[in-house]
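Presented below is the structure to which this report refers.
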Amino acid sequence: MIKQRTLKNTIRATGVGLHSGEKVYLTLKPAPVDTGIVFRRADLDPVVEIPARAANVGETTMSTTLVNGDVKVDTVEHLLSAMAGLGIDNAYVELSASEVPIMDGSAGPFVFLIQSAGLEEQDAAKKFIRILREVTVEEGDKRATFLPFEGFKVSFEIDFDHPVLRNRTQSASVDFSSTSFVKEVSRARTFGFMRDIEYLRKHNLALGGSVENAIVVDEDGVLNEDGLRYEDEFVKHKILDAIGDLYLLGNSLIGEFKGYKSGHALNNQLLRKLIAETDAWEVVTFEDASTAPISYMRPVAAV
């Protein structure tokens, strides 16, 4: 049986919020079967919980924000991408502020944290959402689509009219049956253009952003001294974001996601449309792991 997974141990980290610039303490904790991923604002009394579900998404400008009443958690997508990539079904994410720390701008540090905590299988079947037919949302020339696929595949195309990106790969397709999330996607960093950063800062966004946690691009090239981690790091980061946004379904997917210039808002619209169209998907479990179209790395012992 493919079983649900949680963390073996509690683990902590410190970072800054990308948009707020505030110092944030992050604690990842094991959670019982069928809990899902639940964010907790531990700085509030009483503590406020926000389950990582599509229905709880509020703001989608520049990042994905979860809300519960007037309480929010910003920039959840990179951590959720790491949870999805490692197959974590159940965990508590405690925060000392309203934003998940940006770390280095990728999912890599979160993958390291989760692997350091160790993974533990639980005594219940892992639930997958299998896509049964095409579901699409469009907005202007942007598009996001789910398609049936025996496995998990993410295809993405971006179209930035910028001298640096025009000459680089702006599309990628990753089939996770043959490609490692950890090696090929998790280290892709968020990116920003110098021309936008002043505008963002005027609106109290990207206050914690720097070349330490993003790829910064001006008219002449990439400003980061070490350059890019992947030749197609820009579009790979969009794939990383999409995987995090899709995990707000609450389960791992069996299907293909295709995005054309899609972002957090359109990704969330697609999830809401899918959830509403109950004939477009089904929940499945696998008694025999060898029959599943998706496999996960064996749980690793805590470091």
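If you go along the chain as it appears here, the first residue is 1 and each next one adds 1.
Placement of Cβ uses the backbone N, Cα and C atoms for every residue, glycine included.
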From the candidates His19, His78, give the one listed by Swiss-Prot for the same Zn(2+) site as His237, Asp241. His78
Between His78, His237, His264, which of the recorded positions has the fewest other CB atoms within 10 angstroms in the structure shown? His264
Where does His264 (active site, proton donor) sit by DSSP, helix, strand or coil? helix
Here the Cα-Cα span from Asp241 (Zn(2+) binding site) to His264 (active site, proton donor), rounded to a whole number of angstrom, reaches 8
Including all protein chains shown, what's the count of other C-beta atoms within 10 A of the C-beta of Asp241 (Zn(2+) binding site)? 25
Could you give the Cα-Cα distance between His237 (Zn(2+) binding site) and His264 (active site, proton donor), in whole Å? 12
